[in-house]
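What Swiss-Prot records for 29, 30, 31, 32, 86, 87, 88, 89, 90, 413, 476, 477, 478, 492 is ATP binding site, and it gives sequence analysis as the kind of evidence.
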């Protein structure tokens, strides 16, 4: 395909136009008085959102240079969303301010590489200042306030704080769509996985269609169980103990299944058979998680264990097991606390090293099942469009709350960034590096100015006033008051704020050092096909 090339100022200005097109659409959503953006979909109802990354992902520009500029800023929003789960609009606003100020200096003759070094040193200093000023999140109220700001709804913040209180900081909080109006919180104690009983004959509570086993033994097998002679020696030992048995295996079928069912119906022996969750290596890992949680061992030929020679000492234990048609919950496994912590640390290390979003999500679920629990927030709304928008806001707020617990919080509303600008005085830079640091100083006020603008206030006046207030005091855009923001519950996770600045600066530095852009030449539309009759009109058939 033919390419088109632009150089120098033309190249940089083309990229900047693309950046501005995207940033101008995103920045109207910033702050408590930010507006929404409607996104048209090829199929189905349009989406209404105030989430920066969702808007950025939808924008495709026609001009090849502008398209590349917009794609670079999308990267800022996506990276910030991946790392911190929020702050995508702030990152976009910062990137726009850094690029605008930087290109002005490049056009005036500054050396782009000198500016880049200055920007990097200034960002490092501001990040250090932000982390030093961060306050640890210690109370449920602080989590509720932070999540409430992210979602733009305090009731959502309260519910997320309640969920985190119940399942712990490592627990998983999932958001589901509900048919009923409003918000509900459901909590799961113990380990739950999405596999139910193999046969309906195992049910012990006919009304609720559940099989409930009190203080059972748990047999974990990595292969299929089909012949009864493999299972019989172990079954006899379990029957002698008088305890029920939960079997989790790749599958339980044939005479092994019918033997268990017949004994259950006759009342001789209570048991439930369940298929192991997952596939392949993930199934093996989840069985191992269950073994550690219940204090048992996975019976597998890989480790030299077989069903015929298995003993009761290889079985896991739990206080209670509840099995429904679709899921199994193991409550209070009898595993060793130290072994569980070791497994948790191992999974956490795998999460750090994983570069696949899907793998990371699955590992996170396994971690939650071992370390905490699972909370489900069910969100309902009047229309499908509102429901999607609400669900998205809650998911963002959950990640925001987790980021707050991880690294602490700073004053929100763009104030922490603006008030960290004086720390740049400590840098002893000269020439273009000093100019680069000054570009960052100017850009640090951009989020606050945009929040003020969206709230109908004069940006310059607000920024000037806030820069002269004590640390942590600033504009609460929701009320229009100047106050101690942390005390008023206006806080941002420092992880979100620093990620937004670091990612914006990274892309801005690339913009400034760009000297040529190579893009695909737009294809000309094909000429309309000619008259297939060759223009021989007037012939009468």
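Glycine is no exception: its Cβ is also placed from the backbone N, Cα and C atoms.
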(request) Inside 10 Å of the Cβ of residue 90 (ATP binding site), count up the other Cβ atoms and send me the figure. (result) 29
(message) Using a 10 Å radius around each Cβ and all protein chains in view, which of these binding-site residues has the most neighbours: 29, 88?
(response) 88
(message) Using a 10 Å radius around its CB, how many other CB atoms surround residue 31 (ATP binding site)?
(response) 27
(request) State the count of C-beta atoms found within 10 angstroms of the C-beta of residue 476 (ATP binding site), not counting that atom itself. (result) 20
(request) Provide the three-state secondary structure of residue 476 (ATP binding site) computed with DSSP. (result) strand
(request) Other Cβ atoms within 10 Å is the metric here; tell me which of the binding-site residues 86, 478 scores highest. (result) 86
(request) Whole number in angstrom, please: the longest C-alpha to C-alpha distance across 29, 30, 31, 32, 86, 87, 88, 89, 90, 413, 476, 477, 478, 492 for ATP. (result) 20
